[in-house]
Amino acid sequence: MDVEQPKEFLLSIEGLSVSFDGFKAVNDLSLYVEENEIRVIIGPNGAGKTTVLDLICGRTRATEGSIRFRGKELTKLREHEIVHAGVGRKFQNPSIYEDLTVFENLELSFPRGRSVLGALTFRRDAEVINRVEEIAEMIFLKDHLETDAAILSHGQKQWLEIGMLLIQSPELLMLDEPVAGMSVSERLKTAELLNTIIKKHSVIVIEHDMKFVEDIAHRVTVLHQGKVLSEGSMERVQSDPKVIEVYLGH
Amino acid sequence: MIGDYTYTEFTSILAMQGFAGLTLFSVFVLMALGLAIIFGQMGVINMAHGEFMILGAYMTYLCSQFFSVYLPSLFSIYFFFAMILAFAASFLLGMLVEWGLIRFLYRRPLDTLLATWGLSLILQQAYRSIFGAREVGVTLPDWLMGSIALTDIIEIPINGLFVMGLTALITLGVYFGMFRSNWGKRMRAVVQNRTMAGAVGINTKMVDRMTFGLGCGIAGIAGSAFTMIGSTGPTAGQLYIVDTFLIVVFGGAGSLIGTIASAFSISQAQSTIEFFLSGSMAKVLTLLTVVGILMLRPQGLFTLKIRR
Amino acid sequence: MSPALFLFRKREWIYFAILAFVLVIVFPSLFDNFRLNLIGKYLTYSFVALGLVLCWGYGGILSLGQGIFFGLGGYCMAMFLKLEASTPEATAIQSTPGIPDFMDWNQITSLPFWWEPFHSFTFTLFATIAVPVALAFIISVAMFKRRVGGVYFAIITQAIAAILTILIIGQQGYTGGVNGITDLRTLLGWDIRSDNARYVFYFICVALLLVSLIVAQFIRISKFGRLLIAMRDKEDRVRFSGYDVANFKIFIFCLAAALSAIGGAMFTLQVGFMSPSFVGIVPSIEMVIFCAVGGRLSIFGAIYGALLVNAAKTSLSETFPELWLFAMGGLFIAVVMVFPEGVAGLYRQHIEPLIVRGTSLLRIGKVRKPRPAAE
Amino acid sequence: MRQKTISPFSITRRALLAGIAVLPALTFASAPLRAQEVATADANTTGLAVTDDTVTVGILHSITGTMAISETGSVEAEKLAIDQINAAGGVLGRKIEYIQEDGASDWPTFAEKAKKLLVENKTAAVFGCWTSASRKAVLPVFEQYNGMLYYPTFYEGLEESPNVIYTGQEATQQIIAGIDWVVREKGAKSFYLLGSDYIWPRTANKIARKHIEKLGLKVSGEDYYPLGNTQFNSVINKIKLKKPDVIYAIVVGGSNVAFYKQLKAAGIDMSKEKPLLLTISVTEDEVRGIGGENIAGAYASMKYFESLPNDNNKAFVSAFKKMWGEDSVIGDVTQAAYLGPWLWKAAVEKAGSFDIDKVRAASPGIELTTAPEGYVRIHENHHLWSRTRIGHAREDGQFDVVFETKDLIEPNPFPEGYQ
């Protein structure tokens, strides 16, 4: 048996690498996330941010290295098993079911009836309805439950997808550019939403919007060429000469 | 003695079966090249591919009729004109189809499958109405019909050599067209990033149309070449479609080398098995193996591993 | 609310009642035995189309190999009937009496072992469903667990259909070859060729179809149905909501195969033979068009689609044989370009609003806005 | 393109055409019967579509689909025969009217249409089907509703239905005489059997193999390719290695073209007869697709060739070409289809009734001296006694008849010792 992970680390990534036809998108990366932390990952295009999330949630398979979540090795699990372990993932472009209503979108993410038989015998009981309404309230879509997801605004779609994660009650949420394409007011509401969320969940966010990052981040990790370039508080990272070099150099 | 055969016979078998395999290989490559471009580059499932080939075959037939009646003196070289005509006809029809049908369906590959199947039925009936239900024979000039005897057993059919040469030529042409010419660059640019390609001033619609037309045009040349070895009838195209798709998919869509490699392995496997079992079983076994491998390795033989 | 009532919304109950009325009362009283038998034959394709609605319309899995399952179901039934027709007395002139005639012609002197179980009717009923479903299971596990979908799945199922056809034709000693299994006479001693039997089979076929329809509807309105739509649109999202997507696809593909197999078995019973010409590429893709014409998202549409296309085929090919292929080809293009939701879509767009307006005065309760995905 | 068959006689076409209408009438002697002479009530006790002036029959072939190519000739021949019979006074004084249905190359459609012709149209006889599969599909329908089918194609045998008259040859008739001939005349010692993969070639090759082995000769190989296959290089290589004296080919449809072209391209010159090629699947119809130059020098074994020099045939050929165009060709099956209506007419007139049971009872022993192929007679087993001929393919797509069996060959659909 492995030694129990130190309590403070919810997620620990060690020596993670992946290469696509020789190109190392992530190279010997190590990263630790604590319980109830908001961690923001930033970095220039092609730094490997999205790939890291892909690796954690099993969308891409690591070439080497380990990802441990609450002491569980994720690199060997399949996507849905990782979800069952408590990791939720939001995609860069809002990924929701456009042909279904907001209610149905949330209902499908409700963590019950996830097997074939379960889905066939699933009943929309009071528990489900209450939970859906509760989440809808959180994500500001209480009045749109019967709306087709296709006609929501871009920002609302982003919220809906966050809601779909929340209803799964994951311990770790991973959000890829959650405020991209949002108006200023939507952005503020999203920050507010995230701040509610971290009371119960840990969050990893990829974001470009520095203002937003400042609003929410506990700690910031800067990726560059698949490696951690710098890590720490926003101020520390911003004053790190290596970071300045990467962002402003060339 | 190896089995029933003597040593010399056995080497002759190997040589001749190798040649038979190469002929089959050329046929497969000709069939699959156009489809590899259309499917691999554009993601369009063209079920009417066989009918474009048959169009080329009918053009060849018309040409042979025309030359034998009006230009008998040039009959011995009519085949070259026929191939140009076959290419042109299929190319133009291809552009027309792209304009009238395919361009509305780029985001819906399964729908292109159904629509082009409908197109293939319409073309079949059109051929039947125009050329009659009977198969038509194409008379070949004498110089294409003979064979070169290497030993008393090994004889190399000239039309087989011709098809091989043609295949090599067209493959090289496609290769240079796609990877060495400006036009090829534009085409690949459109495939990789349509918006960006449009932004840098490439007429993406025209590139689509040309690409589709080119794929169909190559099918036309293939059809023209087939008149030397096979039959030309309204429904003959349908016979090829499954084989052709399997070759492209087996090779890994989008990979020209893959298509050629898969055509090579399938043709060699089939002609080898054919020698020891009956033709029917050879076909079943080859197809089963291909499907089996595809189930284990769905991306085909050659694909780049990329971030999805 | 009782589950049965819950199954259909009010208007769907009306559709169901209309369909049942047409199939059970109108057709039998309108048509003679011959035409009714034809309709029965068309209805066997409705089973396939129904399966395709679930699998393709909802799940986004286009199979170009439904003929495989239709054929296997039909062959299983045909094997039983053939054995029953091949009693030693009936086949006394053969070199080996008691085996099917085509085996005797191919110098097979004893019944192959895998034919033996088909002496039992119970086994046959079981195999009719189990054999196609087992094959569907193997295909779908291999493909879906490896995330093969879309176009690749379509092409591979098509290739399998081609292989199976060549195999059946090539192994004629065991399968009857290109002629198929013909000259089927009785089912448990009851002459299946009589008018009487034809009536009975028609009604069995209708009953099975209505049951299948209810099963399909159950799946459609269950969470499973919504998951199918979700998978079709955003497969990754479903996966990252904690579902093992492959299992759902496997299930729905196997169900579609089972429905096709029932259709195939009913086909054999009503037409009286089975041949490889219902297994191959062309029939398989035609089955897709039945579904597309009916409306790939409408379970009722599937049934009307199969009836319409087949009736059109029979009458058009009778009067204008030349036109038939043009019409069929045009149909394929039209359902893609002009009315992608088929007859059901046309109905919803043009006829339903009229009915709704007409009945709005009498209407009780809220009418939901028609939505393509859920209908 | 194709040269016209050279007629050794100086008879004009017009004279021939005049003759054709008379010939049948002459054969069945006496003046044509008039309707009144046989009352409808007597001639039709089973509710068939017979009136005082007309009788309705069915024609059931594929007009569409892959088989349409092959079946067109049969339809044309049947229509010609019906026209001629009507011109000569009809059957029992009644004009034949026909209802034509399209089997669409689809076997259930055949069954469906057969049922329609029998149940709805009450046709007195049906002329139709081409492939074995379509015949197998309609057979139960004809037996159940007691209809009469005249089936024109040479086929594998192994069938003898009271409801079918087989006007083409069954396999033994076509095969054995042909093999005997190459053995006797060409000194053949070894055979390579080749066919498309379905029941007729397989059964035929089985009979051929049995017969070859019975003669103490050698079968050096046997091979089957899927229908529609277009690559024959492997089998051609095998043939070159095994060096058989005879290639016995039963390739059908589109595959034919590919096979003969590739054979020629591989340097097997059929005119050298080393090996000699004997086929039972290529009629003048097929040669049109294959191209005469690709098959010239091969031998075909069947009962009829367009070039048969007898007067019946000359009249038939010119009438056919007048009706369907100068460039039409007539193959074995087309001629057999032409016999159908004539055989039926003869049986009806012998029975004095259209009733199926009576026609069936009257059928055995019916003879036709006007058949283009010469004299034929219906056997007890509903097949025809006929001669088998060997044709030598010419460049122009016609065959020179180089041999003809002296006697009529007895049809034997269930040959003992050949199964």
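From the backbone N, Cα and C atoms, a Cβ is placed for every residue, glycine too.
Automatic prediction, not curation, is the source of TrEMBL annotations.
What TrEMBL records for B:20-40 (among others) is transmembrane segment.
Here TrEMBL flags B:52-71 (among others) as transmembrane segment. Sequence-distant neighbours of the transmembrane segment (B:52-71) (same chain, 6+ residues past either end, Cβ-Cβ under 8 Å): 31, 34, 46, 78-79, 81-83, 85-87, 89-90, 93-94, 123, 127, 131, 136, 138-139, 216, 219-224, 226-227, 232-234, 236-237, 240.
If one looks beyond the transmembrane segment (B:77-101) by at least 6 residues along the same chain, the residues whose Cβ comes under 8 Å of a Cβ in the stretch are 48, 52-53, 55-57, 59-60, 62-64, 66-67, 71, 115-116, 119, 140-141, 144, 166, 208-210, 212-221, 223-225. Annotation source TrEMBL lists transmembrane segment at B:77-101 (among others).
Feature annotation from TrEMBL assigns transmembrane segment to B:153-178 (among others). For the transmembrane segment (B:153-178), same-chain residues at least 6 beyond its ends with a Cβ under 8 Å from one of its own Cβ atoms are 9, 12, 15-16, 19, 22-23, 25-27, 29-30, 33, 37, 83, 140, 143-147, 184, 187-188, 214, 218, 221, 225, 228-229, 256, 260.
Beyond the ends of the transmembrane segment (B:212-233), by six or more residues, the same chain brings 23, 27, 30-31, 33-35, 37-38, 42, 44, 46, 49, 52-61, 79, 82-83, 86-95, 97-98, 102, 133-138, 140, 144, 159-160, 162-163, 166-167, 170, 174, 177 to within a C-beta distance below 8 angstroms of the stretch. The transmembrane segment feature in TrEMBL is assigned to B:212-233 (among others).
Marked as transmembrane segment by TrEMBL: B:239-263 (among others).
The transmembrane segment feature in TrEMBL is assigned to B:275-296 (among others).
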Intrachain residues whose Cβ lies under 8 Å of the transmembrane segment (B:275-296), provided they are six or more past its termini: 13, 17, 246, 249-250, 266, 269
